[in-house]
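Student: Sharing the record's features from TrEMBL:
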TRANSMEM  83-108  transmembrane segment
DOMAIN    111-270  domain 'Sodium/calcium exchanger membrane region'
TRANSMEM  145-163  transmembrane segment
TRANSMEM  175-197  transmembrane segment
TRANSMEM  212-230  transmembrane segment
TRANSMEM  242-268  transmembrane segment
TRANSMEM  298-322  transmembrane segment
DOMAIN    303-441  domain 'Sodium/calcium exchanger membrane region'
TRANSMEM  334-361  transmembrane segment
TRANSMEM  367-392  transmembrane segment
TRANSMEM  404-422  transmembrane segment
TRANSMEM  428-448  transmembrane segment
């Protein structure tokens, strides 16, 4: 009897050990799969633009979708919930169909312009969200390239449509306004708000990233300054046709050099010095709407399809903006230069700007600087020269001569930004000075009532005055 009890005891122990081994092995396999999946979804480069855009996202409530039993319908509704309602700017999405309806039923052109401009605001933020989602599947390098290409898709698409309509001045004004807005308005607001919210804290940031961006911005300014100086220096010695041709050739050569510099900057940012540009992760708080996404919430192909759809909508609204800007200028009593340089960048990039200010409140100035300087560098070193090359392929003579007033404002904005960031510390007075500089520049273009200068008059080195008189500069 005792022997049978001992045998039963040994058998039970063996069964329990075998069962525990199987369970532990199963847990190890499950944990390994979970770790692999976790690694697959988390391997993404968190840049300042990603972090800034994530501050405007809100946590989606998917509990109601669990009752939907059809898998395809449930996935579609989940994607709609994440893409359309997963942002705090979702209240602006109705402006998109309203703009389309206003255009189809021939409403007032200022209404079309205003609705299109409002509709571009959430679309720009969603493009950033979708590129980040795709980056979870493609890896940090491809994701970084995708973010670098689509980061300023709105400005690039508006420029392309303006080029197709031969509105070269609108192209130059809008791109110039985006650069100045990022350097003075976005950075100034961030430093001012961050300084006021953290009066008793020591505000510091990494100067290395700011130094690299400042160097590239100075290179871009040189490429804009040389055609302008060449035009004035050759006005008396060379014929107007020869001077215009030389300026055009110089601009195209400078654009190629700028694109080469931007490619080197991407290699520097994504490969050799990735840690320099990787944003500091924000603390995750359960139940908070400010939780930073750490894994993909939509599939790769779903993200790609949504990104294509958003790009089409941006192109449609950009066409509306370009086609109605002159009528809006006449209706509102504002110059086209003021609308292009001041209003377009403020409204079109409102989501990115708000994210930079939010992180400045949290004393995360590296992210705020990364948004402002990174976007300005991308536009000046990538979007502007690419636009010149695209115009070249389209048979349009677009150069880098942005005229004396515009180039002077650009150069001053770059120089005062470089001086502001040279010591690696910040306080609210620096932000206030940058904002005051932006207000002065805005007032300058507000009072500027001169009509558009014809492209041929600009290329020939002629100046046209409001009276209609054209004299040689």
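The backbone N, Cα and C atoms fix where each Cβ goes, glycine too.
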Student: Give the one range among 83-108, 145-163, 175-197, 242-268, 404-422 whose Cβ atoms make the most pairs under 8 Å with those of the transmembrane segment (367-392).
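Tutor: By the under-8 Å Cβ criterion, the transmembrane segment (367-392) pairs most with 175-197.
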Student: Test of understanding: applying the rule of at least three C-beta pairs under 8 Å (pairs 6 or more apart in sequence), is the transmembrane segment (175-197) touching the transmembrane segment (404-422)?
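Tutor: Touching, yes - the transmembrane segment (404-422) and the transmembrane segment (175-197) meet the threshold of 3 or more Cβ pairs under 8 Å.
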Student: Residues sitting near the transmembrane segment (212-230): Cβ under 8 Å, six or more positions beyond its termini, same chain?
Tutor: 183, 243, 246-247, 250-251, 254-255, 257-258, 261-262, 265, 268, 276, 373-374, 376-377, 380-381, 384-385, 399-404, 407, 410-411, 414, 417-418, 421
Student: Tally the residues of the domain 'Sodium/calcium exchanger membrane region' (303-441) by DSSP class, grouping H, G and I as helix, E and B as strand, and everything else as coil.
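Tutor: In the domain 'Sodium/calcium exchanger membrane region' (303-441), the DSSP-based counts are 115 helix, 2 strand, 22 coil.
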Student: Under 8 Å between C-beta atoms and at least six residues away from its ends: which parts of the chain pack against the transmembrane segment (298-322)?
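Tutor: Residues packing against the transmembrane segment (298-322) from afar: 75, 78-79, 82-83, 96, 99-100, 103, 112-113, 116-117, 119-120, 123-124, 126-127, 130-131, 133-134, 137-138, 150, 153-154, 157-158, 160-162, 165, 167, 170, 344.
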